[in-house]
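Read the structure below first, then the notes.
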Amino acid sequence: MSRRYFGTDGIRGRANGLITPELALKVGQAAGLAFQRGEHRHRVVIGKDTRLSGYMIENALVAGFTSVGMDVLLVGPMPTPAVAMLTKSMRADLGVMISASHNLFEDNGIKLFGPLGYKLSDDVEKQIELMLDESLDKKLAQSASLGRARRIDGVHDRYIEFAKRTLPRELSLEGLRVVIDCANGAAYKVVPEALWELGADVISIGVEPDGFNINKECGSTAPQALCAKVREMRADIGIALDGDADRVILVDERGHVVDGDQLLAVIGQSWKEDGRLAKPGVVATVMSNLGLERFLAGEGIALLRTPVGDRYVLEQMLKDGYNVGGESSGHIILSDFNTTGDGFVAALQVLAMVQKLGRPVSEVCHRFDPLPQILKNVRYRSGRPLDDSGVISAIQDGEKRLNGHGRLLIRPSGTEPVIRVMGEGDDHDVVEEVVDSIVDALGNAAAAAA
């Protein structure tokens, strides 16, 4: 069955476009019914980021959940990993995060977590999808069995203590000047406070949300302001989170960006040296740079690749027993601590290494030189361009040219009629020629089918 609502990270779209109060109400009802297992009083934890539309969606979800007899615990603006943690810690049946992650304020979304804090499986999402398109009137709770809603105080302190406990008790960040960019998003209160409690000299930007400025020229997808601030303040490190704080990038003392691949390299190598890797491997997606794979191989660490999406990374980690994984975009999953990506916890592990080694971030975090990588998109109207003989031939020729010196990844988008062509290798010019050849072939095939 094709999925109409759920993508790779919950339901996401334009507020009052796809994401309407009516849809949120129905999601609350359907998810509430799907997770009413057992005879106990059922409850759901709901958090959100700082988008203007969060109020509208939150109220609609509350109406949906309470109408099927589920109690609602509202925690307000909180990082996605905090909502996952609270779902488990508060013995809830379900967790919900209202966020469109790194998107701008016009979009919003609904992420769902099971009782142990993990994102839902495809099968459970399909079960909920089926209910979204049917009438649930006959399944609503009786008047005396309706749910209640209440706001929970003190949740910021719970997450701060959780994050601090991922570091050794004796470790302090005293002496480190840290610039934190919270993307005007969900972490704007809790993360600067946690860094201060750990002893860092904290300079905060992206901590003045107004409902409209989440991820706007700030955060992990737009680190230019952070890079400039680190240089201006002569800071030791910059940390950039996205709107819901499940991804992170760092900036070294020179103002240079450290992406998710470099973070996987430094954490993977460090944890192997300390005997903390559950198995000699790290899980990443097909988009991670070949330079990461080569670096890890030199350290005796395998790189396992999954489809794009942090949920697939986590599935592989749980299936095969790995405890470090992530994406080049900055979703870092450390399953010793988290059930989902946690940008702040990942950053703390690197800060701990910087303190332990007494070396600048530029030396600690730049473990390999990324190979040149070129990504191009080809839009098409109809047909199956990847089945065209000219395209197949161009791909085969490209693979021969890159054999042993690079790789190709050609995949259709899951959300729009676009073919994504990615090539990387030791020689930039060769990679560009290979990618352009495939793009030209795809363009010809798309034009012929139009």
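Each residue, glycine too, has its Cβ placed from N, Cα and C.
Here Swiss-Prot flags Ser101 as active site, phosphoserine intermediate. Among the features that Swiss-Prot reports, Mg(2+) binding site is placed at Ser101, Asp242, Asp244, Asp246, with the record citing sequence analysis. The annotation phosphoserine is assigned in Swiss-Prot to Ser101 on the grounds of sequence analysis.
Shown on the structure are the features that Swiss-Prot records.
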residue: Ser101; record: active site, phosphoserine intermediate; Cβ neighbours (10 Å): 30
residue: Asp242; record: Mg(2+) binding site; Cβ neighbours (10 Å): 34
residue: Asp244; record: Mg(2+) binding site; Cβ neighbours (10 Å): 36
residue: Asp246; record: Mg(2+) binding site; Cβ neighbours (10 Å): 34
Distance, Ser101 (active site, phosphoserine intermediate) to Asp244 (Mg(2+) binding site) (CA atoms, angstrom): 5
Rounded to the nearest Å - Cα separation of Ser101 (active site, phosphoserine intermediate) and Asp242 (Mg(2+) binding site): 7
Shell of the Mg(2+) site beyond Ser101, Asp242, Asp244, Asp246, same chain only (C-beta within 8 angstroms of their C-beta centre): Asp49, Pro79, Thr80, Ser99, His102, Gly185, Ala186, Leu241, Gly243, Ala245, Arg247, Gly341, Gly343
